[in-house]
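Per TrEMBL, the features are as follows:
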BINDING   B:His73, B:His360  heme b 1; low-spin binding site
BINDING   B:His220, B:His270, B:His271  Cu cation binding site
BINDING   B:His358  heme b 2; high-spin binding site
DOMAIN    B:29-477  domain 'Cytochrome oxidase subunit I profile'
DOMAIN    B:545-708  domain 'Cytochrome c'
TRANSMEM  B:29-52  transmembrane segment
TRANSMEM  B:72-94  transmembrane segment
TRANSMEM  B:106-129  transmembrane segment
TRANSMEM  B:141-160  transmembrane segment
TRANSMEM  B:217-238  transmembrane segment
TRANSMEM  B:250-267  transmembrane segment
TRANSMEM  B:287-307  transmembrane segment
TRANSMEM  B:319-335  transmembrane segment
TRANSMEM  B:355-379  transmembrane segment
TRANSMEM  B:391-413  transmembrane segment
TRANSMEM  B:451-469  transmembrane segment
TRANSMEM  B:510-529  transmembrane segment
Amino acid sequence: MSAIIVLIGISLVVALVFLGVFIWSVKSNQYEDTYTPSIRILFEDDDRQRTATQTGDDEQS
Amino acid sequence: MIDKEQQHKPETTSNLEHFSYDNVIVKNFAIATMFWGVAGMVVGLLVALQLANPIFNIGEQAWLTFGRLRPLHTNAVIFAFVGNGMFAGIYYSLPRLLKARMFSDLLGKIHFWGWQLIILSALITLPLGFTQGKEYAELEWPIDIAIAVIWVVFGLNMIMTMIKRRERHLYVAIWFYIATFVTVAVLHIVNSLALPLSLFNSYSVFAGVQDALVQWWYGHNAVAFFLTTPYLGLMYYFVPKAANRPVYSYRLSIIHFWSLIFIYIWAGPHHLLYTSLPDWAQSLGTVFSVMLIAPSWGGMLNGLLTLRGVWDKVRTEPVLKFMVVALTAYGMATFEGPMLSFKNVNAITHYTDWTIAHVHVGALGWNGFLTFGMLYWLFPKMYRTKLHSLKLANVHFWLGTLGIVFYVIPMYWAGLTQSLMWKDFTPEGFLKYPNFLETVTQIIHMYELRAFGGLLYVIGALVAVYNYYMTAASGSLLKEEEASAPALQGGHKIKRWHEWIEARPIQMTIFSLIAISIGGLVEFLPTYFVKSNTPTISTVQPYTPLELKGRDIYIREGCYLCHSQMIRPFRSETERYGDYSKSGEFVYDHPFQWGSKRTGPDLARVGGKYPDSWHYNHMLDPGSMSPGSIMPSYPWLLDDDISVDDVPAQIALMRNLGVPYEEGYEDKAVADLDKQADEITESLLNDGSETEPRKEIVALIAYLQRLGIDAGKASSVPLK
């Protein structure tokens, strides 16, 4: 069953890469604030050019 | 650190940068999504009709048979419909989340046109029978290479955009996009490893149980990282946008992401429960599959709870309606997945239409409805207008929802019915339905209902196309959307080429990926070019040249899509098909052909069960041997000749893959082939069927008559 060793190896490497990225994300304060990013995405686009589209606008006016 | 809302901080306006978002690429991907989506669904409808009645294998044309169109359907809906949908959503949301235009318009164009060309090549090659014979990875090696290249172009464009971003925090959706890119790249490369014999013919470097494991590691993670993670990213962007509400819990979304990606990659073996895969590997798959319910339901609830306080809008707003059904379908499919991974449940559902129902809850409900919802939101937005018709969107919603219901309920019913019939014994201890066909004709009406459900869904999609088109026609595309944001404070200035690699782990991810791939290849490729180290059964011998040719035909016609070659260790199966399958029987199978569905009976031990002439007549007209059969006819096998020119090369290639043909056998191979073909031709002639030795039917019969024979010779020897 050499394939399973290979697959576990590759899966582990992928997992370790993600673990590394996770540690980076925590260390670089990506998750310092776990609230405002969710609000910010609602405001990020083109307020100046906003026209009355069908969705999503009635709440803001 | 906390990023402040820039537009609320006047002092930062001094370094405000002006830029624009490209909507043209989003529009292109959106159009491609619907174009290929409808095409893939129509092919799906056709294959559904073919199962309900074989006359829909129109005109007995090879390229229109189920075995060739079914891979086209799956590839089209996965890679063309969902693929383009994912790209449309990413090219819209990513730049806005990062406050930066996509890195390169050129890379975007290469990505777009490259992907469409890949789809086009699939559309041509799959019906022609060019296939690697592994589900959802059917495309031949030149196309596989093209996919890898275009995928890297996409990843490069995405990651370079992250590098020049103006928003320090990477919103959770972006993390899902990164995971998609990295993991799909690794999966695709490993599972596509094959040695080519010609431009459109290649053989998996793995064999038998090893190939099965690699395939389902890929197959499961294709579901995880192509159909799930990118769409979760889209969900985390478009559901809050459409509801104009922040996601219920941003913290939960972060936990959702990290736990999901760490667990998902280990769940693959649940596709191989009760097969010849070692037991511990099966248990590993089960354990991780059961654990998956936690992050999956966390994400599903997070999405649904985002709508708290705006449920009244769900009544009137089609975008939200579609997204609510999508999330509900995601919740259903991810509840069902862990349940199906329990061995006792899997024993009932595997190889039946239950699996088909399960994947269509995911595909039609989760991917389909999220795509439609996203496009109902995007088209009016990009074209600066209102949706053409709310009423039509509602019509689409109900057609689609009813379509799903009419699709999945008959399939659950069919799956359960058939499974119970397979396992039913009389009081005397005999199979109650010894003829497999009885269990098929029993569920034909369910296949008809399923096709009706599919029809409703396709009509709904066409209504959506009309609605999107009229919306676009009534507005005008805002090609460049102006935006402005301050440059990232304290951002790294790129001075030396390697500084940006070291400075940030995102870049490290790419380079790690390349490192893994090279390392992985160097490490394990050689083990496949030397003799296989899988324990073998002494009586199991390599295929003869004629059988290899027959096997090529078996793969080309997609027989594995309806016939398994894997007998599970249940009395109901050993009674019906013979001794259960052992891993040592498959050591020369490049690629493995275990299958995942029994629309027809298992073939692992079909060798010697019927005379040659039975197979001959059965391939010509299955109904003549099995009245009521839904198998298509294969008349071209009686007319077309096999090519023997590449036999020596094929033998040499197989030897490179570890199949122990003796040195110099290449030179004798064609003579051996002819000798075996003559014997079969003669046996056919004795039964009144006249054919020529070089016809494809002879090779296929040779292969079918070999299946399961070798292990039977060793029945007195204890097998592992």
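Residue 1 is the first one shown; counting continues down the chain.
Backbone N, Cα and C define each Cβ position, glycine as well.
Summarising the environment of B:His360 (heme b 1; low-spin binding site), the number of other Cβ atoms within 10 Å of its Cβ, over all protein chains shown, is 25. Ranking the binding-site residues B:His270, B:His358 by how many other Cβ atoms lie within 10 angstroms of each Cβ puts B:His358 at the bottom. Of all the binding-site residues listed (B:His73, B:His220, B:His271), B:His271 sits in the most crowded Cβ setting, with the most other Cβ atoms within 10 Å. Cα of B:His73 (heme b 1; low-spin binding site) to Cα of B:His271 (Cu cation binding site): a span of 21 Å. According to its DSSP assignment, B:His360 (heme b 1; low-spin binding site) is helical.
If you average pLDDT over the domain 'Cytochrome oxidase subunit I profile' (B:29-477) in this model, you get 94. Excluding B:His220, B:His270, B:His271 themselves, the residues of that chain whose CB lies within 8 A of the CB mean position for the Cu cation site are, in sequence, B:Trp216, B:Gly219, B:Ala267, B:Gly268, B:Pro269, B:Leu272, B:Gly285, B:Ser289, B:Ser341.
Distance noted between the C-alpha atoms of B:His360 (heme b 1; low-spin binding site) and B:His220 (Cu cation binding site) is 15 Å.
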